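To start, the structure under review is shown below, and the notes come after it.
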């Protein structure tokens, strides 16, 4: 299940992120890559333990809590501290096909998570750079993603994916992983579809409609059945 979620950050927030990031020191992006990924990763990132990365990461986490769609789709248990990368055309930056590590550990907090879902939050407008397309492969084919600044994409971390070479301008983004309460991707997708249908019924019939109440109960019982907390 690949889901694009709009307006996690508004334009003013994006501009402030970019102002802070443009003034920061960057390092080789391979410092956080696994063995296979490091062979195909060519980009830069903010040092993960830097004050700048940690402060911006906290702002991303706060923004996520304001998005009911993100919570519904991800059902997050643990979210890895957000990281930040930069692909510059002047350096021929790209990221070849790879799959993310199954487990990620944070050196500073000691947090270890199973990476159920990968997230990219775009911080550059699509017209500001050429290339830099996130391409994700899943059961249904290949999906190309290039979203407006402030929007994010959520997709299974088990997916093969790549970022095409940036040939003009600079692509800046936040990226991170999360462990969902619901491990199984198919179960999580069904729960999301059910929640979407329930919310539509609430809008039409009201929250106290008997059938809406019954379906809401089914939603929570499925969470109870599948969730690991």
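Yeah, the Cβs are placed from backbone N, Cα and C, and that goes for glycine too.
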- Message: Looking at the Fe cation binding annotation from Swiss-Prot, with 98, 100 already listed, which candidate in 151, 161, 186 is the matching residue?
- Response: 161
- Note on the structure: Residues near residue 161 (Fe cation binding site) by Cβ (under 8 Å) yet at least 6 apart in sequence within the same chain, in sequence order, are 97, 98, 99, 118, 134, 135, 136, 137, 155
- With DSSP as the yardstick, break the domain 'Fe2OG dioxygenase' (78-180) down into helix, strand and coil residue counts. 6 helix, 62 strand, 35 coil
- Message: Using the Cβ center of 98, 100, 161 as the Fe cation site position, which other residues in that chain lie within 8 Å, going by their Cβ?
- Response: 37, 95, 97, 99, 118, 157, 159, 160, 162
